[in-house]
Amino acid sequence: MLKDPAKINLEASLALLDGLVGAGLERLVYSPGSRNTPLTLAAIRHAQVDECPAVDERSAAWLALGMARVSRRPVALVCTSGTAVANWHPAVVEADRQGIPLVLISADRPWELQQCAANQSIDQEGLFGRHVRAFHPLSPPDGLSDSIRRLRALGRQLLRESLGVDPGPVHLNFPFREPLVPLEPPGVSPAVTVEPLYSPVPALAPGELALLARQLKQGNGVIVCGPGDPLPEVLRLGEACGAPVLADPLSGLRFTGSRETDPLAGYDLFLRDQALARNLQPDWILHFGGLPVSRSLQNWLAGQTQARYWWVNPAGRTLDLPGASVETLPVSPDWLSQALPAMLPAGKSRDWCQAWQQQERRVRRLLEQVSPPLEVQVLRRLVDQLPDDSLLFLANSLPVRFFDACSGIRHTNVAVYGNRGASGIDGNLSTLAGLTRAWHGSGLAVGIVGDLAFFHDLNALSLCRQQDILLLLFNNGGGGIFDYLPQVGLAEHEQGWRTPVPLAYEHLAAAFGIPYQRLEQVEDMESVLTGLLPEKGCRLLEIVIDAEVSRQQYQEFTNQFTEN
């Protein structure tokens, strides 16, 4: 008796999932479609998979990225054939740039329906190019026992490839022939023994580590922590070699709950003083994480033509800064930050570090004295009120930049996230929904988003409404960041760059069943935030910004740091 062809498809899908789960996969996001029926059914029926539906594939990919980012574990994505797969592309690019592991499983038509104008059929092989760590094209399932065994092994291989020295997305293209729905409903898949994979930890040889330690003992240095996973040992490393630690808002070091050695957060403001910046010339720079948000810091780093500059990147990638000569250290940041302090003797002069700390104190003092724009006041008040073990997401464009300049250091444990890999304004709400879904903190989840980033990802409100999230919407009437760029001087600025999108956010919130409030006066900020923060469910606070007033206030505000 011939086997049900649809059952062959399902058994192949279950075998693939068994391999993934056996290697440690826990979460899978799927979007509805016909061709991916065997994969979706397998995920729903697999007892060890936490599956999550997301109707829009573009939003689904960002949702999975958020889950993988906060859990630091791979998340699988499943979708049907055709343009559905292409909708993953923006999030795949971001995952590539941030080093976030995703397992992309696209269903496809079989070879006989390719290149013949068949419906919902495109060339999906190699679709993501160099943005994935590996690509695997499969043939349609054949029901052979050896194929089932190989699919289980392939599932384990996919997870290993996503978690290598250079973590990131991997892509499997899986064609299926019809029929897709089995004649008999499948039962629940039996439990799989989980044997998690171990990520490689690239390290220096003892002699190489000793040489680096000797070089760090010489002269004055600076440690830069850009966006990335928190490295608390870096603070001890800075203490050991007498170097200031410049902590990006997405480094995980500004809000640690620790009261030992604080990093610096005010450099974006005090490095705008060109005379001061020229006086702060290091002999060496040790850079962890990605490129910092701060343009002031980027410019200062690029100007360090005489300093020895190391960038810690386990994948051995290069960092190109005009003027600076950057050498890549292809080692684990965790390993290096833990190994170096023991090799550096205490007692190094604190004069160099104190010169930086003096500027940090000056920024802190001026932040209390001057009147910044409404956005900055809201951000500072918010971080003052966030409880321990909270999550904060900063959308790209102005929110992350304002926060970078003005957040300061807090002794509260807050995980701060943002999409600074490719720094697009798409997918921000979906990413926040994914972060929150996979997060197990006891505090609050808050997202700060501009109006264009909000508009770009409206679909994701259907995902956000399922979570306990406070959304702060900075509505400055369009692309406010271009008010700070040379395009502001063009006669076509409003039409070509600001591009306002007038929306009734109150009605949008109502359509998704999300409670809404509006803030226009700074005097009301305290009471509104105090009322909204402890509430449950998703809620939206629209903060109305006069863009021209904000720009003028910010200019006057930042001028304080070059004139004092």
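Even glycines carry a Cβ here, placed using N, Cα and C.
According to TrEMBL, the protein carries these features:
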type   : residues : note
DOMAIN : 15-125   : domain 'Thiamine pyrophosphate enzyme N-terminal TPP-binding'
DOMAIN : 215-394  : domain 'Menaquinone biosynthesis protein MenD middle'
DOMAIN : 445-543  : domain 'Thiamine pyrophosphate enzyme TPP-binding'
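Secondary structure counts, DSSP: the domain 'Thiamine pyrophosphate enzyme N-terminal TPP-binding' (15-125) has 49 helix, 21 strand, 41 coil. Averaged over the domain 'Menaquinone biosynthesis protein MenD middle' (215-394), the predicted model reaches a pLDDT of 93.
For the domain 'Thiamine pyrophosphate enzyme TPP-binding' (445-543), DSSP puts the residue distribution at 46 helix, 21 strand, 32 coil.
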